[in-house]
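Residues or ranges marked as ATP binding site by Swiss-Prot: 115-192. Per Swiss-Prot, Mg(2+) 1 binding site is recorded for ASP252, GLU264, and the stated evidence type is sequence analysis. If you look up Swiss-Prot, you'll see ASP252, GLU264 marked as Mn(2+) 1 binding site. Positions annotated as Mn(2+) 2 binding site by Swiss-Prot: GLU264, ASN266. Taken from Swiss-Prot, the feature Mg(2+) 2 binding site covers GLU264, ASN266. The domain 'ATP-grasp' feature in Swiss-Prot is assigned to 89-291; the stated evidence is sequence analysis.
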Amino acid sequence: MLLLQSILITKIMVIQLILFFEYALASGFEDKNILKEGKMMFDTLLKQFLEIDKVISLLYKDFVDNYIDFKNLEIVKIKKENEIENKLKSLLKSENIDYALVVAPEDEDILYNLTKIIESYPVKNLGCSSEAIKIAGNKYLTYLAIKDAVKTPKTFPPKKYVVKKIDSCGGKFNLFDENFLIQEFIDGENLSVSLIVGKKIHPLSLNRQYIDKRGFVGGEVNINHKLKDKIFNEAIKAVKCINGLNGYVGVDVIVNNDGIYIIEINPRITTTIYGLKTNPSLAELLIKNANNEELKFKVKGEKFTIDK
């Protein structure tokens with residue numbers, strides 16, 4: 001009996017150290033809309049991780065005071081954006097970190113580079129592999145990866161294109177370089193699928209996306225839909241096309257009378273988690289997934305809006 005108590009106490013006292021940060025809040029990103037979405041994602045997961053154990057996070061100097069009183073949160077202050085990679089390496093070298101998760105954009109290989117750093121240390125990455133980010137973070141490479149498995153908009157290779165009016169005169173045109181690609185416009189319902197990807201692929205929820213001329217302005221999480229199972233199946237087929245997707249993955253979908261179109265695969269945490277309520281929490285599911293444990297969960301969803 002005493003031996004059993006000792007084992008239980010030892011198990012309870014094991015501290016798990018989680019490195020978690022969101023790039024906009026760590027870099028002091030100037031775009032207020034990006035910061036707002038970044039904070040929504042960060043705050044949601046931070047509270048969940050802190051319910052599990054101790055968290056270390058990188059925060060830009062202007063935001064530190066907002067989190068200074070959080071129990072079990074260790075803050076590493078960032079003064080300039082170019083400090084982030086070195087601070088991350090230093091933490092991974094000096095701290096006994098068990099798990100790491102970075103929320104960052106795919107732009108300019110930011111998420112890819114930060115993930116490569118995490119992968120070079122003996123910690124469990126709760127997110128996607130750098131290999132998967134390299135593909136899913138590039139819209140054309142994603143198209144090439146999934147086009148034979150699922151419906152997706154016709155997409156042309158990224159190269160220089162000229163766009164001009166059919167009946168214009170005077171040589172007026174717009175020139176687009178290799179940073180742009182041309183893709184067929186698909187009209188229909190803007191939806192997304194939230195999944196956890198590991199040894200199995202678990203769809204968490206089907207979500208409605210609110211999109212207007214300002215961009216993504218909110219959503220409704222865990223909706224019912226007559227095609228829900230079929231949409232889940234198409235999202236799973238797309239995810240299977242890219243090796244190394246792991247943890248939380250978001251798949252953007254458009255549904256119309258012609259079928260179910262896979263638009264993008266997001267190899268990272270998305271703003272949708274703000275309205276996603278799982279039991280156990282998403283943070284706990286990510287850790288269980290990293291440890292190859294069987295996942296059992298219940299899902300509820302909420303509507304949310306982003307004031308832009």
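In case you wondered, yes, glycine gets a Cβ from its N, Cα and C as well.
As the structure is a computational prediction, the values presented were derived from the model and not from experiment.
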On a C-alpha basis, identify the one among ASP252, GLU264, ASN266 that is nearest to ALA145 (ATP binding site); the candidates are the binding-site residues. GLU264
Within 10 Å of ASP252 (Mg(2+) 1 binding site) (Cα basis), scanning binding-site residues THR115, ASN125, THR155, LYS165, I find none
Spatial neighbours, same chain, of THR115 (ATP binding site) - Cβ under 8 Å, 6+ residues apart: VAL102, ASN125, GLY127, CYS128, SER129, SER130, ILE133
As a whole number of Å, the Cα atom of LYS165 (ATP binding site) is distant from the Cα atom of ASN266 (Mn(2+) 2 binding site) by 33
Using Cβ atoms only, which residues of the same chain lie under 8 Å from ASN266 (Mn(2+) 2 binding site) while being at least 6 residues apart in sequence? ALA136, VAL249, GLY250, VAL251, ASP252
Measuring Cα to Cα, how far is THR155 (ATP binding site) from GLU264 (Mg(2+) 1 binding site) in Å? 12
Measure from the CA atom of ILE135 (ATP binding site) to the CA atom of GLU264 (Mg(2+) 1 binding site) and give the result in Å, rounded to a whole number. 11
Per DSSP, to which secondary structure element type does THR155 (ATP binding site) belong, with helix, strand and coil as the options? strand
Express the predicted model's confidence over the domain 'ATP-grasp' (89-291) as a mean pLDDT, rounded to an integer. 94
